[in-house]
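What follows is a single structure, written as structure tokens, with notes after it.
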Amino acid sequence: GSFYLLGGYIGLYVYKATESWIFGIATAGIVVAIIAFIEEFTLLRRVRGKPTLETLITLSLAIIISDLLIVIWGGNPKTIKIPELLKGYVTLFDANVPIYNIFIFCFACFICLTLWLILQKTKIGMIIRAGVDNFEITSTLGINIQLVFTLVFTVAGFLAGIAGAIGGTYLMVAPGEDWRILTYALLVIIIGGMGSFGGTIVGSIIIGMIFSFGNVYVPQFSLFLMFAPVAITLVIRPKGLFGRITS
């Protein structure tokens, strides 16, 4: 969540300085990736395997980053202008759909497909999956799994930074957006299940559809509609719809 919002502010700053939307997004991803690498290399890898300490460190850093962003950029909501190429609407099934929304959908599909191919069809993907399933055994095979996890966290930071800049163009860049995005991510993981790529996609579709339906038809119950399936999932299937148990 903090990386997302940080990426949004960096993208906004670079866009205003250069008037280049693409350069702003790229810079946001690179800067956040560097910060993610530093965080993982200096802090998180020292407490890996200790969930309580990992949670405390990440939450502490999230609060620090959130407050620093307010100090630097203030508390007023800001937006990044949509580039001219992505402005306008197209008609799909008698509905006017913003071109930028279509771009976001296509870009998300591209990222999902790329990540799936890497995880399922490459050697590094096999190592990542093995390390998640059993860290100790993977390490005994001579694989520097610490380095692999650092790489994964860095890539995650890069994607979060890009998402923040793209999301800041679609929605807004403002204090509190980090925790809102984090909440959505947790809901997706709870429904889809830990360790399942397909579960993440299914969970995000479910949450997205419920959120859109609730906001349009029953806005007063939108939060209830969003959290109700999460509560049901936790009761019926605590590990999520497609969750796996790892060592």
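Cβ coordinates are placed from backbone N, Cα and C, and glycine is handled just like the others.
TrEMBL has this to say about the protein:
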{"type": "TRANSMEM", "residues": "20-44", "note": "transmembrane segment"}
{"type": "TRANSMEM", "residues": "56-75", "note": "transmembrane segment"}
{"type": "TRANSMEM", "residues": "95-119", "note": "transmembrane segment"}
{"type": "TRANSMEM", "residues": "151-173", "note": "transmembrane segment"}
{"type": "TRANSMEM", "residues": "185-211", "note": "transmembrane segment"}
{"type": "TRANSMEM", "residues": "217-236", "note": "transmembrane segment"}
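Between the transmembrane segment (20-44) and the transmembrane segment (217-236) there are fewer than 3 Cβ pairs closer than 8 Å, counting only pairs 6 or more residues apart in sequence, which means the two stretches are not in contact. The transmembrane segment (95-119) is in contact with the transmembrane segment (151-173), judged by 3+ CB-CB distances under 8 Å for residue pairs 6 or more apart in sequence.
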